[in-house]
Amino acid sequence: MSAYCGKYKDELIKNAAYIGTPGKGILAADESTGTIGKRFASINVENVEENRRSLRELLFTTPGALQHLSGVILFEETLYQKTKDGKPFVDVLKEGGVLPGIKVDKGTVEVAGTNKETTTQGHDDLGKRCAKYYEAGARFAKWRAVLKIGPNEPSQLSIDLNAQGLARYAIICQENGLVPIVEPEILVDGSHDIERCAYVTEKVLAACYKALNEHHVLLEGSLLKPNMVTPGSESKKVSPQLIAEYTVRALQRTVPAAVPAIVFLSGGQSEEEATVNLNAMNKLSTKKPWALSFSFGRALQQSTLKAWGGKTENVVKAQKAFITRCKANSEATLGTYQGDAVLGEGASESLHVKDYKY
């Protein structure tokens, strides 16, 4: 049997290509209730549904922001929320030319017999949930697998389990009309150098595409959300140019040209760092058969959160910070970012959280 060729085939290909439109990218606004609670705690805002809804309304209704986005990943709660005027968020996004997406994994669990390595859960009722989310207006999905670099990590067992898990998720999504974003995140935690990260990234991506192929996933109707290839968090920083070279080379060696776009996660980099590194990749004159774009959460929201602080009177100021980051990242997808964005408070601070849970 070849790749998926069911009733959603053409729609999947069209939507995946649209998400990869040059000049656009993805806002990851799918933080779980627990994760957004930690963000709110940093700005002294109570973690209740109305505050979560208010933040997301602030983001989705920022004048001019949606033109820089092709997709927004939502948490299940947000998929069904509305603006204070009663308009469903899904409609706000669609009218702004943005595809709604949905986080479908149910978090990680430790793999017995390993050194605290994890696999991702959520397959059991996935088909049913995907059908329900499609009905509610979602057109793509996200599933995060987490791997770590250590003296003996990632183990082959962890690589295989996570690659198989991502592939199973991807084909179930496609059978239900959702473009799967395949996210094998290799955490930045550790003191490893950039060469070690490149080696592990290539190994993990090769395993993922082997598994995707074995599960008959339609690559043209899928997207990849990888980490950038960088030194570990306890290692000396390197230039954006070096990060760009190592990252693009790892992708050239492992990601088939059939994949329409690669949307990077920010992995705890500061807002500005993530943008500058993406820009450096798009400036490289080498073979890049896929669009290179962004799927940023923290790196699109940090200065916005700081400016907002949970106060209605700060909404306009916060939206200004948000549009600044959207525009900067839009330019980075074209390799035209000049590093001239007005940096809001928090734009330069590292957003790294050890052993990050989403």
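Heads up, the Cβ atoms here are built off N, Cα and C, so glycines get one too.
Feature annotation from Swiss-Prot assigns active site, proton acceptor to Glu183. Taken from Swiss-Prot, the feature active site, schiff-base intermediate with dihydroxyacetone-P covers Lys225, and the record attributes it to similarity to another entry. The substrate binding site annotation in Swiss-Prot covers Arg39, Ser266, Gly267, Gly268, Arg298, and the record cites similarity to another entry as its basis.
Everything Swiss-Prot records as a feature, shown here on the structure.
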| residue | record | Cβ within 10 Å |
| --- | --- | --- |
| Arg39 | substrate binding site | 19 |
| Glu183 | active site, proton acceptor | 26 |
| Lys225 | active site, schiff-base intermediate with dihydroxyacetone-P | 23 |
| Ser266 | substrate binding site | 25 |
| Gly267 | substrate binding site | 23 |
| Gly268 | substrate binding site | 21 |
| Arg298 | substrate binding site | 24 |
Using Cα positions only, nearest of the recorded positions to Lys225 (active site, schiff-base intermediate with dihydroxyacetone-P) (Arg39, Glu183, Gly267, Gly268): Glu183
Inter-residue Cα distance where the pair is Glu183 (active site, proton acceptor) and Arg298 (substrate binding site), in Å: 16
Collapsed DSSP category at Arg298 (substrate binding site): helix
Three-state secondary structure, Glu183 (active site, proton acceptor) (per DSSP): strand
